[in-house]
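As structure tokens, the structure follows; a few thoughts come after it.
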Amino acid sequence: MPRDSKKSNSSSLNEFLLLAFADKRELQLLHFSLFLGIYLAALLGNGLLITAVTCDHRLHTPMYFFLLILSVLDLGSISVTVPKSMANSLWDTRAISYSGCAAQVFFFFFLFASEYYLLTVMAYDRYIAICKPLHYETLMGSRACVKMAAAAWGSSFVNALLHTANTFSIPLCQGNIVEQFFCEIPQILKLSCSDSYLREVGVIAFSASVIFGCFIFIVLSYMQIFTAVLRIPSEQGRNKAFSTCIPHLAVVSLFVSTIIFAYLKPPSISSPAMDLVVTVLYAVVPPTLNPLIYSMRNKELKDALTKV
């Protein structure tokens, strides 16, 4: 079994110990089965959506292009965390290597930030489509869409690299037990020495301000979108506009609400069990539900999925 001994600094750490869902073998296997079912559902849902958008030429539009990228990011983010947790439960271990933990932090932050930036771009796409339809072809051409997607990925890559480098350059002297089922930056910072984590806190504060700015942009976009939709004279036109906006708004709401609750919940209700449940809600549930949310009210996507 891995040793829980405290280390003087991060360079002497060979591995971390992740939080176990349960100590009893039966409960470990139950956790493995539940996560396996969730993971397979995410693979199936996002895989079908990717296939439908790729194969149906009617869906080769900016909105579905961004939706395809969102599904790729969902598959990536859930694949970074869930399989390792499943393997640990199956093999009755808690260990993850130092390099594996760093890779998990980088890829999870990169994919999660990319998804949030992409949701912001998708709000802009819906705003242009509904509020400025005559300029849609000009503003949302294929080249513009690729540039916006590349900007989301590029900024997320730099952000993730900065956070990972900062986090793992901080001396860790509070042991090697991460109180979460995957390597999460706030939990790793709890292992740091005295005030050495303040540098990373500053970087997190900067990222939080960018996230808040994106959130304000999404809110303002949808305020104008709903104002424009309510002015549409025909009921059919309003329904069509709502059918493309409501799923995106639902995904944004699920994403943002779980993140806010995870990181801003009162300390009085915080506990290892509560932290675990909340992390599952923001890291595992959205990638699984997103394909279902997007396909519920979208007739074009339903038809394409039926063909697949």
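Indices start at 1 and increase along the chain as displayed.
Keep in mind that glycine also has a Cβ here, set from the backbone N, Cα and C atoms.
All TrEMBL annotations are machine predictions without curation.
Copied over from TrEMBL:
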type     : residues : note
TRANSMEM : 29-51    : transmembrane segment
DOMAIN   : 45-294   : domain 'G-protein coupled receptors family 1 profile'
TRANSMEM : 63-83    : transmembrane segment
TRANSMEM : 95-113   : transmembrane segment
TRANSMEM : 204-229  : transmembrane segment
TRANSMEM : 241-264  : transmembrane segment
TRANSMEM : 276-294  : transmembrane segment
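Panel annotation: around the transmembrane segment (29-51), residues 21-22, 67-68, 71-72, 74-75, 78-79, 82-83, 85-86, 89-90, 284, 287-288, 290-292, 294-295, 301, 305, 308 of the same chain, lying at least six beyond its termini, place a Cβ under 8 Å from a Cβ of the stretch. Over the domain 'G-protein coupled receptors family 1 profile' (45-294) the predicted model carries a mean pLDDT of 86.
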